[in-house]
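Heads up: the structure comes next, in structure tokens.
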Amino acid sequence: MSKQPSLAQLKQDLADIADLNDSRLASLAADSRKGAQLLLKQIQHRLAKAEAAEQAFQARLHYERPFWARGERVAGIDEVGRGPLAGPVVTSAVILPPDFDIPLVNDSKQLTAKERERLYPLILAQAQSVSIGIGSPALIDQINIYQATRVAMQRAVLGLGLAPQQLIVDAMQIPVDVPQIRLIKGDAKSASVAAASIVAKVYRDHLMATYDELYPGYGFAQNAGYGTAEHLQGLADRGVTPIHRRTFSPVQKILQA
């Protein structure tokens, strides 16, 4: 009778299983050892999770596929930074290829900072074109945050190296002469918008980290310009910086004091 492989050896040998129908799982199921049964459950859980992630990713390509089938380029557009008291609103436009294959690309808010940082260069490498559009604090104060976001999105679209035939936008209408699909929570429904949300978020986070070095004491690297206790204390102690939005209430109160 042949000796059973050790559990450590089994774990190593079965690490490459990528399909629930793999015949090796049947052999593992027949192994009565408690550790083998635990390993079976772990593998089944991993594969089920991966399959669910793949199905969700394919669902996020639903809006792009009809246009790709006609050979049209689709740009996803999203923004980050509408709510902070400091820093610009940053938008991104991303044109993905029809063979785009990074299943983890999802709404940036559902990803950790580490995951976003890992996905950022992968998106840049696979995308056909990527552009950033910025609405400065001065522009926000001049025309309000909603209109500044629209202008920033317009800049992102016009900055693309390739002309898109279709836009998928997260809940806004952009002033450009290109057909648009407006999606509520588009960053969770469209891979193109999700990619744009990640690019915009990582870009803005890096920018705010730079501002943190220029204007220490507000916690910009940690709070990204949002009105945290540290940020509000910095405003009270140090006053308003050139990157603060002067029409936003807490900043306005400091200026009027």
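Each residue, glycine too, has its Cβ placed from N, Cα and C.
When Swiss-Prot records ASP78, GLU79 as binding divalent metal cation, the matching candidate from ASP13, ASP170, ASP177, ASP205 it lists for that site is ASP170. The Cβ of ASP170 has fewer other Cβ atoms within 10 Å than any other of the binding-site residues ASP78, GLU79, ASP170. The average pLDDT computed for the domain 'RNase H type-2' (72-257) is 97.
A strand conformation is recorded for GLU79 (divalent metal cation binding site) in the three-state DSSP classification.
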